[in-house]
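Trainee: Mind having a look at this structure? Questions to follow.
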C-alpha cells in the first residue's frame, strides 16, 4: 500500500493496531500509534481504545495508564469500554489499587453513569471493598443515585457478608431519589438469614411492612427458610401464616421451606401434617419435598416411613435425584440394612445417575462394615438450606 503511494489514514492505522494487539504484538501496535501521531493524525475515541486494549492485552499496565492520561489531556472523553479494558488489566495484574489513579486522571469526565458502571463491574468481579469505596465517591458527588448501581452494591456487600453496610445503604437510598424495591430488601434478607442475624431480620421486616414496599412471595420464603435455619420454628410458622393471610399465596417453595424447618427442628409430626396439607391444597410435592421428609424420618430412625415415602415418590412419577438416593443410602447403612442399601445403589445406577463423593463415602462404609456417623452437607438449590442428612 505504501509502495503504491497510497498513504494510510487513521482508520488504516487503527485496524493495524488492533490486529497486532490481537496477536500479542503490543510493541508493534505502539510503534504504529506513534507513527500515526507523527503523520499528523489526531486519534479519536476508537483509536485510543484500540491502542489501550492492545497494551492491556500485552499486560503493559503503566503504558496503558499513561496513554489513558494522554487521552484525557487531549480532550478525548473515555467511555465504558475504555474503563472496562483498564479495569480488566488492573484486576488481572493484581493492581486494582491503581483504579483510584485512573479515576483521578479522568475526574472531569467522571459522571454518574461511569461511576455506576464501575461499581457494577467491580461488584460482578467480587471486589466489594473497591466497589463500595467508589460507590461512596459517587454518592458524595452526585445528587441523584443510580438504581442498578445501588442494587449491584447491595448484592456485592451481602455476598461479602457486610450486612451492616448493606442495611445502612438500604436505609439511605431514598436520599438519592431512589425508591427501595422488594428485590433490594430480599437481597439483604437472604444475607441476614444465611448469617443467622435474626434480630436484624425481624427489625428490617417490620421496617419493610411499615415503610414499603410490600413483601412478595420471595420475601416470605426467604424469611421462613432463614428462621428455620436459625431454629426459630415458631417465627417460621408465624411468617407462613402471615403469608397465607396476605395478598401473596404460599407456593411449593413455601411449603418445602416450612417442612424443612419443622422436620429438622424435631417437629416431624407437624412436618408430615404440612406435607398432607400441601397435597390437599393441590400442590404436587417435588423432589425437594420428598428428600426433606425422607431425611427427617431417616434421622429419627423411622426407616420404614422413609422407605415408604421413597416408594410413594416413585409411584407419583417424581424421580429421585442423587441427593435423595444419598439420603436413603445413608439411612439404610446407619441402620445396618446393608442388602437394601446395595439394592438401592443398583436402582441409582439403573436410573442413569452418576454417584458423587457422598455416595462413595456411604459405599465405603458399607464395604468396611463401619457404622461411623461421618456425614457431609449438601445444599438445596431451591431453599438455599441443607436438604441432605449427610453432614
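Note: Cβ is positioned from N, Cα and C throughout, glycine not excepted.
Quick paste from TrEMBL:
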type	residues	note
REPEAT	9-43	repeat 'PPR'
REPEAT	44-78	repeat 'PPR'
REPEAT	146-180	repeat 'PPR'
REPEAT	181-215	repeat 'PPR'
REPEAT	216-250	repeat 'PPR'
REPEAT	251-285	repeat 'PPR'
REPEAT	286-320	repeat 'PPR'
REPEAT	321-355	repeat 'PPR'
Trainee: In terms of Cβ proximity under 8 Å, which residues at least six beyond the ends of the repeat 'PPR' (181-215) contact it?
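Mentor: Residues 150-151, 154-155, 158-159, 161, 163, 166-167, 170, 173, 222-223, 225-227, 229-230, 232, 235, 246-248, 384.
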Trainee: For the repeat 'PPR' (44-78), DSSP counts of helix, strand and coil?
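Mentor: Breakdown, helix to coil: 26 helix, 0 strand, 9 coil.
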Trainee: Give me the DSSP three-state residue breakdown of the repeat 'PPR' (9-43), ordered helix, strand, coil.
Mentor: 26 helix, 0 strand, 9 coil
Trainee: Which value does the mean pLDDT take for the repeat 'PPR' (321-355) in this predicted structure?
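Mentor: Reported value for the repeat 'PPR' (321-355) is a mean pLDDT of 93.
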